[in-house]
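Engineer: According to Swiss-Prot, the protein carries these features:
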| type | residues | note |
| --- | --- | --- |
| CARBOHYD | Asn159 | N-linked glycosylation site |
| LIPID | Cys11 | S-palmitoyl cysteine |
| LIPID | Cys15 | S-palmitoyl cysteine |
| LIPID | Cys242 | S-palmitoyl cysteine |
| LIPID | Cys243 | S-palmitoyl cysteine |
| TOPO_DOM | 1-18 | topological domain 'Cytoplasmic' |
| TOPO_DOM | 40-57 | topological domain 'Extracellular' |
| TOPO_DOM | 79-91 | topological domain 'Cytoplasmic' |
| TOPO_DOM | 113-221 | topological domain 'Extracellular' |
| TOPO_DOM | 243-253 | topological domain 'Cytoplasmic' |
| TRANSMEM | 19-39 | transmembrane segment |
| TRANSMEM | 58-78 | transmembrane segment |
| TRANSMEM | 92-112 | transmembrane segment |
| TRANSMEM | 222-242 | transmembrane segment |
Amino acid sequence: MGEFNEKKATCGTVCLKYLLFTYNCCFWLAGLAVMAVGIWTLALKSDYISLLASSTYLATAYILVVAGVVVMVTGVLGCCATFKERRNLLRLYFILLLIIFLLEIIAGILAYVYYQQLNTELKENLKDTMVKRYHQSGHEGVSSAVDKLQQEFHCCGSNNSQDWQDSEWIRSGEADSRVVPDSCCKTMVAGCGKRDHASNIYKVEGGCITKLETFIQEHLRVIGAVGIGIACVQVFGMIFTCCLYRSLKLEHY
C-alpha cells in the first residue's frame with residue numbers, strides 16, 4: 001500500500017512538472033506579448049504624449065515593458081525550477097510571479113483610472129497646450145504633435161478652428177499673417193493657413209479633442225485588457241507552483 005502511494009505521488013509530481021513546463025512556455029510567449037504591447041505603445045502610439053498633462057499613459061506603457069521582460073526571465077527560471085525540482089527555485093519563481101501579477105494589475109488599474117479621467121484632462125489642458133506652446137521655443141515636441149494630430153485626424157484646434165485666435169504664435173506676428181497653422185489645411189502647403197475658409201481648412205470637421213480622446217482610449221483599453229488578462233493567467237501559474245512545491249515536499253519526507 002505504501003509503495004502504491006509512493007508511485008501515485010511520483011506520478012502526480014511528474015504530471016505537475018509537465019503541466020508547469022507547458023504553462024511556462026505559454027507564459028514566456030505571454031511575456032513577449034506584454035512587452036510588445038508596451039514597446040508598440042511607446043514607439044508607435046506615443047506621438048501625442050506631449051499634449052497630455054498627466055504622465056499616466058506613459059507610465060502604464062513602461063510598466064508593461066518592465067513586466068514583459070521580467071515575465072520572460074521568470075519563464076526560463078520556472079522551467080529550470082520545474083525540471084531540477086529545486087524547492088528554493090520554486091519559491092523564487094512564485095515570488096517573481098507575485099511581483100509580475102501586482103505590476104500588471106497596477107498597469108490595468110492605471111489604464112482604467114486614466115480612461116475615466118481623460119475627458120476632463122483634455123478639456124482642461126489641450127486648448128491651453130495648443131495655443132500657448134505651439135511654435136514656442138523649447139516646445140518643439142508639442143508643435144510636431146499638434147501638426148500630426150491635425151493632419152492625421154482631419155481637425156483644427158482643440159474645440160474648433162476659432163481656438164487659434166488665442167494662439168500666442170498667431171498673435172506674435174511670427175505666423176506671417178496665418179490665421180491657423182498650415183496643418184489645419186486639407187492640402188498642406190506653406191502659407192495655406194492664411195485662408196480659413198471651410199474649403200481650405202478642417203473647419204466644419206470640428207476640433208481635435210474628441211478624436212484624440214477616442215484614439216487614446218482605444219489604446220488604454222488594449223493596455224488594460226493585456227495587463228489584467230495576463231495577470232489572471234498568472235493565478236494558475238501560482239497555483240501549479242504551490243502544488244508542485246507541496247508535492248516535492250511530501251516526496252522529500
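Every residue, even glycine, has its Cβ placed from backbone N, Cα and C.
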Engineer: For the recorded sites Cys15, Cys242, Cys243, which Cβ has the most other Cβ atoms within 10 Å, all shown protein chains included?
Structural biologist: Cys243
Engineer: My understanding is the cutoff is Cβ-Cβ under 8 Å with a sequence separation of 6 or more in the same chain; which residues meet that for the residue listed as 'N-linked glycosylation site'?
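Structural biologist: Same-chain residues close to the residue listed as 'N-linked glycosylation site' (Cβ under 8 Å, separated by 6 or more) are Lys127, Gly206, Gly207, Ile209.
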Engineer: Are there residues at least six beyond either end of the topological domain 'Cytoplasmic' (79-91) with Cβ under 8 Å to its Cβ atoms? List them, or say none.
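Structural biologist: Sequence-remote neighbours of the topological domain 'Cytoplasmic' (79-91) are 13, 17, 20-21, 24-25, 241, 244-245, 248-249.
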Engineer: Please indicate, using numbers and ranges, the residues of the same chain that are 6 or more beyond the topological domain 'Extracellular' (40-57) and have a C-beta under 8 Å from a C-beta there.
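Structural biologist: Here the qualifying positions are 64-65, 110, 113-114, 117, 121-122, 124-126, 129-130, 139, 141-142, 144-146, 148-149, 212, 215-216, 219-220, 223.
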Engineer: At the level of the C-alpha atoms, what whole-angstrom distance separates Cys15 (S-palmitoyl cysteine) and Cys243 (S-palmitoyl cysteine)?
Structural biologist: 11
